[in-house]
Amino acid sequence: MKIAVLLSGGVDSSVALYTMIQKGYKNIKCYYLKIWLEDELSYIGECPWEEDINYVEAVCTKFNVPYEIISLQDEYYKRVVTYAIEELKIGNTPSPDIFCNQRIKFGAFFDKINEHYDLIVTGHYAKIENKNNHYILKQAKDKIKDQSYFLSHLSREQISKLHFPLGDLLKTEIRQIAHKIDLPNKNRKDSQGICFLGKIKYDEFIKYHLGELKGNIIEQETGKILGTHNGYWFFTIGQRKGIKLSHGPWFVTEKDIQNNIIYISNSVNYLAQGKHQFLVHKTNWINKPVNNIDLSAKIRHGEKKIKCKIEMLKNDIIKVDLEEKDYGISPGQFCIFYQEDECLGGAQILQTLT
């Protein structure tokens, strides 16, 4: 069996490689995906791949496994960066990590090497089960690190080629393995924040592509101007961080795109504005739910799932009814559906209702 392993230079993917070697697989080749364009990096951050590649080389040398660096920079810009920019322009909150997995790691990369390998291995925290050639995506044992949310837009064909060796391990166990076998990167810190940005700061990425434009911050209940901001594209519904005003905490409740206005409420009023019904579209089902029983949803990456019911409407629109209110439902983000620990797929949030 020929196996390709995606290495990031981090501990997780390195332990995933070690796990496959321990299982006796010998025909293995590793790949590092180079995605960011140099002209962007010169403006918005340090080169994110020099240190990565050094660790990839060290890990592959330790295990005597060949590796190759593949440039997917043009594909990444066209399939992920342009999507994020267009969503920000229209006031939506994009989820680029979902499309980085769907369109790059398991899209453009598949297009280049898929036919040559029987299995693609990564260090993602998730599980894939095969029941009589029926593939199921499930949450990882480590619910804090679980990445099924970001894998929700993969197709069954993509999933059938994937293997996630870390799905049954806790992060603490992975660190222990890294130290036990003395991985070169055993003490490397986990990456933080948005995967698709790496070391690049999100606000710097937005500023580079969309610039800044002064606008007013208005209290929703009174209409009073409380301050100014540098562009609606820097804000998302439910956001608290970055609103540098006194007498807070303040939360973003609405964005007026045409007039570049951000509306905010204090914590007391904000908590009264939670929503439990909203519409989604552009659905990707890995496996459709057979009923509404034990159905739950994630509105964002994290541990929390909220029980819900769904109703299929016209034009492939789905109405979602959460059992409890959520306070940061934002158009453009994704709602991911689960039945128990199975990830069924997800859809883009279109608008909130009540």
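Each Cβ is built from the backbone N, Cα and C atoms, and glycine gets one as well.
Taken from Swiss-Prot, the feature ATP binding site applies to L6, L7, S8, G9, G10, V11, D12, S13, L33, G123, supported by sequence analysis. Swiss-Prot lists C100-C195 with the feature disulfide bond, giving sequence analysis as the kind of evidence. According to Swiss-Prot, the feature active site, nucleophile maps to C100. Swiss-Prot lists H124, Q333 with the feature site 'Interaction with tRNA'. According to Swiss-Prot, the active site, cysteine persulfide intermediate annotation covers C195.
The CA atom of Q333 (site 'Interaction with tRNA') is located 15 Å away from the CA atom of C100 (disulfide bond). Neighbours of H124 (site 'Interaction with tRNA') among the binding-site residues S8, D12, L33, defined as a Cα within 10 Å of its Cα, are D12. Pairwise Cα distances among L6, L7, S8, G9, G10, V11, D12, S13, L33, G123, the recorded ATP-binding residues, top out at 16 Å. For the pair D12 (ATP binding site) and C100 (disulfide bond), the Cα-Cα distance reads 18 Å. A C-beta separation below 8 Å, combined with a sequence spacing of at least six in one chain, links L6 (ATP binding site) to S13, C30, Y31, Y32, L33, K105, F109, I120, V121, T122, G123.
With the fewest other Cβ atoms inside 10 Å of its Cβ, the least crowded of the recorded positions L33, C100 in this structure is L33.
Every protein chain shown contributes to the tally, and the Cβ of H124 (site 'Interaction with tRNA') ends up with 26 other Cβ atoms within 10 Å. According to its DSSP assignment, L6 (ATP binding site) is in a strand. Under the three-state DSSP scheme, D12 (ATP binding site) falls in the helix class. Mapped onto three states, the DSSP output places C100 (disulfide bond) in helix.
H124 (site 'Interaction with tRNA') falls within neither a helix nor a strand when secondary structure is assigned with DSSP, and so counts as coil.
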